[in-house]
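First up is the structure itself, then whatever we jot down about it.
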Amino acid sequence: MKSVIFGLQWGDEGKGKVTTYFSKDYDYVVRYSGGSNAGHTVEYTDFKLIHHLLPSFYVKKNVGAIISNGVVLDLEQLVEEIEEFKSKTGTYPKLYISELAHVVLPHHKKLDEKLEQIKGKNAVGTTKRGIGPAYADKVHRIGIRLSDFKNKDKFYEKIKNISKLYKNLYNIEVESIENVLTSYEKLKSHIVPHGEIINLINQNKILFESTQGVLLDIDVGTYPYVTGANCNTTGIQNGVGFPVKTENYIGVFKAYLTRVGNGPFPTEAFGKEGEEIRKRGHEFGATTGRPRRCGWLDLPLLKYAITVSGATELVMTKGDILNGMEKIKVCVAYKIDGNIVDRISSVDDLEKAEPIYETLDGWENHTSKEFNEYLSFIESYVKRKITHISVGPKVEEIIKL
């Protein structure tokens, strides 16, 4: 059995908690894209973990973790995360890392910051974790992979060549990477040939974990305000390096909508309305701490994300955040260039889209009639079944419907 869990919005949908909940029925959770810009918060009854690079797996069962070739790795961050994991759980994760994964180095973070500064008001609003530049170096064929660390002479020769390129192209000095080498030594026992990753995926029940959300995908997201990775479900095969059949596509969305950084957001709520949602949902980034932009659920956009991702079932999170609100707004169409449309053919249209809302009655809690009417309204619009909801921050607070 192979399944994938992914976000249907601009990230921050609660995928980490949902992945952890579902992982109890699988042997391994596989991260196939992204880097330390992800921030998957997983809260148990007695402790909380924030996964940036480690896959989100249920720690109270013998579930393993795989980081595949599609991920760009900040080695120092991963070491810190593993130590934090050990201090909270009392054990180390059963972790395998593909030696084909590329490494985020200090000069990638410098370039990330420099690019944002140069763009000025057109900046994407990245986390400045070096993700985009690391992927760019991969495409430029000057990236460093974990396998490069095995031969120190060749490794230093590559770093020397990269230093020349970065100095000439970007006027950026490549710093000492001794800390990166130290981190590599600590992780070495987890790094395996990619053939071993393929065997593990082929021979076990696998849950693939995406990062960010479909609307941040480098190809089908709200470009250029996207991440550097293929975080859509279409990224699985590239991210693990071989064709793999996935049966279940589990899309996660919030009962409302948030976004970090710049880019179009038709249903963004401003003033007191937006601030109330932000406070209720504690909407601040797990990676950057930045306040998230907040707004109402956008059904045309959700339907678009379902279409491009192939979602077969849905999980709705944070419905409890809206408990007690008298009225809930939901976007059901847009006005674009004077025309009313209930679907988008291109994310470019979002820049000029004016939301058209329906207003529904609020609810007291997830057992209320009005809450179930909200779920039914969404299902009827997007033509997919909501199979689970979460009613609180903990893994144990996910309910199967």
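For all residues, glycine too, the Cβ spot is worked out from N, Cα and C.
In the three-state DSSP assignment, the secondary structure recorded for Asp12 (active site, proton acceptor) is coil. Residues or ranges marked as active site, proton acceptor in Swiss-Prot (evidence: sequence analysis): Asp12.
For His40, the entry in Swiss-Prot reads active site, proton donor, with the evidence type sequence analysis. When secondary structure is read from DSSP and collapsed to three states, His40 (active site, proton donor) falls in the strand class.
Within the same chain, residues at least six positions away from Arg292 (substrate binding site) with a Cβ under 8 Å of its Cβ are Asp12, Thr258, Arg259, Val260, Arg278, Glu283, Phe284, Gly285. Here Swiss-Prot flags 11-17, 39-41, Arg292, 318-320, 390-392 as GTP binding site.
What Swiss-Prot records for Asp12, Gly39 is Mg(2+) binding site, and it gives sequence analysis as the kind of evidence.
Sequence annotations record features per position, and here Swiss-Prot assigns IMP binding site to Asp12, Glu13, Gly14, Lys15, Asn37, Ala38, Gly39, His40, Thr127, Arg141, Gln212, Thr227, Arg290 based on sequence analysis. Under the three-state DSSP scheme, Arg290 (IMP binding site) falls in the coil class. Arg290 (IMP binding site) has a Cβ environment of 13 other Cβ atoms inside 10 Å.
Around Pro291 (substrate binding site), the same-chain residues six or more apart in sequence whose CB sits under 8 Å from its CB are Arg278, Glu283, Phe284, Gly285, listed in sequence order. The substrate binding site annotation in Swiss-Prot covers Ala286, Thr287, Thr288, Gly289, Arg290, Pro291, Arg292.
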Which binding-site residues sit within 10 Å of Gly11 (GTP binding site) - Cα, from Gly39, Gln212, Thr288: Gly39, Gln212
- line: For Thr127 (IMP binding site), the spatially nearest of the recorded positions Lys17, His40, Gly289, Gly319, using Cα atoms, is Gly289
Task: Write down the Cα-Cα distance for Asn37 (IMP binding site) and Lys17 (GTP binding site), rounded and given in Å.
output: 17
Message: Looking at the binding-site residues listed here (Gln212, Arg290, Gly319, Val391), whose Cα lies nearest to that of His40 (active site, proton donor)?
response: Gln212
